[in-house]
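Trainee: There's a structure below that I have some questions on.
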Amino acid sequence: MEDFVRQCFNPMIVELAEKAMKEYGEDLKIETNKFAAICTHLEVCFMYSDFHFINEQGESIVVELDDPNALLKHRFEIIEGRDRTMAWTVVNSICNTTGAEKPKFLPDLYDYKENRFIEIGVTRREVHIYYLEKANKIKSENTHIHIFSFTGEEMATKADYTLDEESRARIKTRLFTIRQEMANRGLWDSFRQSERGEETIEERFEITGTMRRLADQSLPPNFSCLENFRAYVDGFEPNGCIEGKLSQMSKEVNARIEPFLKTTPRPIRLPDGPPCFQRSKFLLMDALKLSIEDPSHEGEGIPLYDAIKCMRTFFGWKEPYIVKPHEKGINPNYLLSWKQVLAELQDIENEEKIPRTKNMKKTSQLKWALGENMAPEKVDFDNCRDISDLKQYDSDEPELRSLSSWIQNEFNKACELTDSIWIELDEIGEDVAPIEYIASMRRNYFTAEVSHCRATEYIMKGVYINTALLNASCAAMDDFQLIPMISKCRTKEGRRKTNLYGFIIKGRSHLRNDTDVVNFVSMEFSLTDPRLEPHKWEKYCVLEIGDMLIRSAIGQMSRPMFLYVRTNGTSKIKMKWGMEMRRCLLQSLQQIESMIEAESSVKEKDMTKDFFENKSETWPIGESPKGVEEGSIGKVCRTLLAKSVFNSLYASPQLEGFSAESRKLLLVVQALRDNLEPGTFDLGGLYEAIEECLINDPWVLLNASWFNSFLTHALR
């Protein structure tokens, strides 16, 4: 059949049919009858239009190709054969210029003389059956239907055949010739039997039994059964008077649909106020590690043993003092807490055998820092019923904060490469099926791009800290346990490395519910001077605890070493998600995979290798005030990973709300870019919903700023 089609039809028609099948994901090597049907339909549409013009008096005339008057206006606009986006653009343009009602489905032609869209049908069955199917699907009196069959029959709306008899006879003769040619090659019977009707999903699937009863019970008010609701939905014109439809649905709804134009959207308003502060559970770009390479000490792998070994690598300890106090805290208590950690670690080293875990003495400074006995007493509600002025205590509205540059710097740093390898994916057996081979290849390429990434370090650090804290919270509920903040990696040469970032001391942790809070004090090493960006460190008390020799291009230099101390809290559910931060790798890999799939479907072959090995190609990474930023595929992988990791590190209700609400605006803007002529109602309400999520969260504020950059460049 494929050979017949290529011989029988004009190469341009064959090419258009191939494109159409590719657009719908159909294989012309398998669906050969469909290939023939599409070519036939295209040819009939072109023949319908051929030689028909409108003269200066507005009359329809037939003019042969070589006629010198062929510069007359074409009577028919051909819509069939264009890709969907262009076809809808043509339809929208016709509707705008002629005032014609926009059809629900893409028609085949537009008749400028009769001012109507035309749906052409070519059937191998009875013309009246096919006509009814078309009419039932289109459900519009404004689209004219004209059906031709291979037997010479035809049927049209109100028996109005549009064209003169000679033009229609030419089409019928061509269809009869195609049928004869197919029959001569033994292809006709298969072609005739392969035609499917204009079915809809509802006609194919009957809902019966329990599902039917559930459907009848689940209807909106005022509908007695599924049929009534279906009839209402089928008659609901999406491009009709939406305002009227909304008022039908509810008396409270009163909406005016406004066209959404390039000039309609305004930037999202970011809050004013003091700069936002760092609120992650551990330091990110400012963290400093004390490391040991190729650890082989006694008890290697036991966190406390590893921590003591890492602490011994540093010789620049000095008497600690406060360099940046916490505005609201009792700062001497933070200083005393660090001194207590040093003293108790020294005590451990003096013991014959180092214990596996260390519970801190419950000193006054730790009790204060961990909020011991600070929780208000819980009283049974029944005992309070008689108190006349019983009310919930007033809570202050959170203070609005403005966007600060440090969060963009944090994100940029998270996308960078480090000199260590942070993940090694386990071997998962031989690839058997081709899909497994492709999946492994993609995973390996992706891993190579992100294994050195700083965002991957944050994942492993987050997994370790949350796992250790949850374990300690369950195993030592009443103890102030000392938990080293550790990560493990490999150097570029493949040597194992253990890193210590600092310590956590956890408070009492009787966690019954998922949201019950465990308090902890974090103490983290850093070389960042807090006085450079004091607003970032609002929640911290920062001590100077030593001097570190740093090797640089100009030789060794001494830098002060700081300890960032703060009180913090988390819950079982937050720790559970923190332990699963490796999911971020999967999410970003899936995003990359969808890019590869899109490219592969266009090129009709797996593009994984080309994608990762074509170093000259650049891809869009994101928006900045300068415009669309582009980079290598590796940069795209690392940026997507960093976004996913930051969504985890800075998870909050503000982020949930902003993501959900801004997505609605994003979809409308994308519809505008795709020339789909979107309309909106209560756009002000949508902006309000977006902006009420912009309070004080640094990551949400940065995302809002990125969104504004996107709006600026998307609507140019």
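Cβ atoms here come from the backbone N, Cα and C positions, even for glycine.
Source: prediction; values computed, not measured.
So Swiss-Prot lists the following for this protein:
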- HIS41, ASP108, GLU119, ILE120: Mn(2+) 1 binding site (BINDING)
- GLU80, ASP108: Mn(2+) 2 binding site (BINDING)
- 124-139: motif 'Nuclear localization signal 1 (NLS1)' (MOTIF)
- 184-247: motif 'Nuclear localization signal 2 (NLS2)' (MOTIF)
Trainee: Let's check the environment of ILE120 (Mn(2+) 1 binding site): how many other CB atoms sit within 10 Å of its CB?
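Mentor: Result for ILE120 (Mn(2+) 1 binding site): 22 other Cβ atoms within 10 Å.
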Trainee: Who sits close to GLU119 (Mn(2+) 1 binding site): which same-chain residues at least 6 apart have their Cβ under 8 Å from its Cβ?
Mentor: PHE105, PRO107, ASP108, LYS134, ILE138, THR143, HIS144, ILE145, HIS146
Trainee: Quick one: which residues besides HIS41, ASP108, GLU119, ILE120 have a Cβ within 8 Å of the Mn(2+) 1 site's Cβ centroid, in sequence order?
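Mentor: Here the nearby residues are VAL44, CYS45, GLU80, PRO107, LEU109, ILE118, GLY121, VAL122, HIS146.
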Trainee: Whole-number answer please: how many Å between the C-alpha atoms of HIS41 (Mn(2+) 1 binding site) and GLU80 (Mn(2+) 2 binding site)?
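Mentor: Taking the Cα atoms only, HIS41 (Mn(2+) 1 binding site) lies 9 Å from GLU80 (Mn(2+) 2 binding site).
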Trainee: Averaging the per-residue pLDDT over the motif 'Nuclear localization signal 1 (NLS1)' (124-139), what integer do you get?
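Mentor: Across the motif 'Nuclear localization signal 1 (NLS1)' (124-139), the average pLDDT comes out at 82.
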Trainee: Determine the Cβ neighbour count for GLU80 (Mn(2+) 2 binding site): the number of other Cβ atoms within 10 Å of its Cβ.
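Mentor: Other Cβ atoms found within 10 Å: 22.
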Trainee: Given GLU80 (Mn(2+) 2 binding site) and ILE120 (Mn(2+) 1 binding site), what distance in Å do their CA atoms have, once rounded to a whole number?
Mentor: 9
Trainee: By a simple count, how many Cβ atoms lie within 10 Å of the Cβ of HIS41 (Mn(2+) 1 binding site), its own Cβ left out?
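Mentor: So the Cβ neighbour count for HIS41 (Mn(2+) 1 binding site) comes to 20.
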Trainee: Including all protein chains displayed, how many Cβ atoms other than that of ASP108 (Mn(2+) 1 binding site) lie within 10 Å of its Cβ?
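Mentor: Result for ASP108 (Mn(2+) 1 binding site): 23 other Cβ atoms within 10 Å.
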